[in-house]
Amino acid sequence: MNETKRILSPELGYIFIFFSITFISASMESGYYFLLPYLEGRGVAIGALGGVAMGICYGVSFFIRPFIPLFEQRFGDDKMLWGGYACFFMSAAGLALFSDAIGSIIVWRGISGLGLSMVGVSLTAYERRFIPEKIRGRSIALITTAYSLPSLIIVPAMEFLITRELYRCYIFFFPLLIALGTIAIRRLPKAGVGENAEAEEKDDARLSYTALLKKPQIILFAASAALFALTDAGQLTFVQLAGELGLAASYFFSVSAATALLFRILCGKLIDLLPRKICAAGATSVTAAMMLTMTAVSSPLALMLCGFLFGIGMGFGYPAFMCLILDLGGKRYVTRLAVVFGLIYSGFFFLTPVIMEFFIGITGSAALAYRIIYGSVLLATAVIVPASAKVYRKTNTIQEW
């Protein structure tokens with residue numbers, strides 16, 4: 001028992017640190033949902049650029065992400081993580097002190113997009129190095145709950161501050177939050193330190209993105225991730241479907257979010273026990289099937305049941321895909337694979353509403369558009385799941401090819 005405790009204690013500490021850093025990054029995103037009401041309350045002229053101010057950080061993150069491995073090779077994960085937090089602090093401090101014009105706000109928000117990419121990719125590399133494979137699934141499941149918690153904690157608090165017109169408390173909250181985050185970063189182990197740290201192999205050979213995407217496992221991973229992201233992003237336009245059905249969208253959103261959160265806390269061990277390379281694609285089948293089924297529901301109870309099953313798929317699927325980045329990337333290529341996943345996910349979150357609106361315009365019905373798109377996704381998963389069993393059986397990591 002003492003031996004087990006001795007072995008597990010460092011990993012539990014690492015998990016808590018990774019959770020804290022993830023929570024602060026997610027809180028930065030969620031808390032700024034109220035940035036436009038804050039600016040309006042202070043009398044800042046927004047005009048038609050409000051959407052740009054809100055979305056510029058994701059645009060910068062999308063375009064800068066492919067170059068992050070170059071930063072990693074030059075500066076290392078430690079400095080890249082600190083650099084990401086420096087961008088966060090510059091952005092938050094700039095918004096707090098110099099937000100009198102929409103142009104400056106866009107600049108400060110753009111700087112935070114650079115921080116999002118740097119922190120996200122470097123943290124993935126840390127997780128690969130310090131979380132053993134035998135507990136990787138449940139560990140990532142616990143860490144990813146940090147993406148959901150700000151919606152339950154930070155968002156209501158920020159909404160309270162804005163509705164009470166406590167604007168200074170709202171805007172200065174973010175620099176203080178980031179300053180607290182530096183405490184977690186200071187607790188991170190250095191590369192090569194600790195019982196489970198993996199020695200970095202000195203290898204000058206670099207794998208380009210083109211070469212990476214020629215690998216069978218990576219093609220399959222990218223296709224599976226794209227389909228999963230497409231079902232996740234279907235939530236962005238779900239309010240239109242719910243309105244057409246005559247049901248409140250909150251029946252779905254509240255149940256699915258709570259289910260995904262509880263699944264990751266209580267059932268994260270399943271991600272270690274089940275073959276996640278196959279089940280990650282299988283989770284997409286579940287989420288796509290629920291998106292398709294919801295087009296025919298007629299009662300709140302049926303919608304909540306769909307939300308429950310969708311939440312299980314999301315609760316398993318997202319951490320499973322995060323684990324696959326670590327499983328397939330190995331020591332050398334985990335950063336590039338994290339970049340590929342991030343590009344796919346952010347790209348589909350941008351494209352899916354556009355695609356959905358296109359089909360709604362053609363068909364004249366949100367339900368019919370959802371049936372076309374997610375019926376196609378469900379058929380695609382029927383091909384990808386058995387293909388996963390065949391391709392992933394051959395090799396484990398890129399280095400084995």
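Backbone N, Cα and C define each Cβ position, glycine as well.
Copied over from TrEMBL, here are the features:
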TRANSMEM  12-34  transmembrane segment
TRANSMEM  46-68  transmembrane segment
TRANSMEM  80-99  transmembrane segment
TRANSMEM  105-126  transmembrane segment
TRANSMEM  138-158  transmembrane segment
TRANSMEM  170-188  transmembrane segment
TRANSMEM  218-239  transmembrane segment
TRANSMEM  245-266  transmembrane segment
TRANSMEM  278-296  transmembrane segment
TRANSMEM  302-326  transmembrane segment
TRANSMEM  338-362  transmembrane segment
TRANSMEM  368-389  transmembrane segment
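Here the transmembrane segment (46-68) has Cβ contacts under 8 Å with residues 32, 35-36, 39-40, 80, 91, 102, 105-106, 109-114, 116-118, 121-122, 209, 335, 339, 342-343, 346-347, 349-350 of the same chain, all six or more residues outside its ends. Highlighted: of the candidate stretches 12-34, 218-239, 245-266, 218-239 has the greatest count of Cβ pairs under 8 Å to the transmembrane segment (338-362). In this chain, the transmembrane segment (80-99) lies out of contact with the transmembrane segment (218-239); the count of Cβ pairs under 8 Å, excluding pairs fewer than 6 apart in sequence, is fewer than 3.
Using a cut-off of 8 Å between Cβ atoms, the transmembrane segment (278-296) and the transmembrane segment (170-188) share fewer than three residue pairs, counting only pairs 6 or more apart in sequence. Tallying C-beta pairs under 8 angstroms between the transmembrane segment (245-266) and each of 12-34, 138-158, 170-188 places 138-158 first.
Contacts between the transmembrane segment (170-188) and the transmembrane segment (12-34): present, as 3 or more C-beta pairs lie under 8 angstroms, all at sequence separation of six or more. Residues 54, 81, 88, 92, 109, 112, 116, 119-120, 123, 126-127, 130-131, 139, 142-147, 149-151, 153-155, 158-159, 162, 170, 173-174, 177-178, 180-181, 184-185, 187-189 of the same chain lie 6 or more positions beyond the ends of the transmembrane segment (12-34) yet place their CB under 8 Å from a CB of it.
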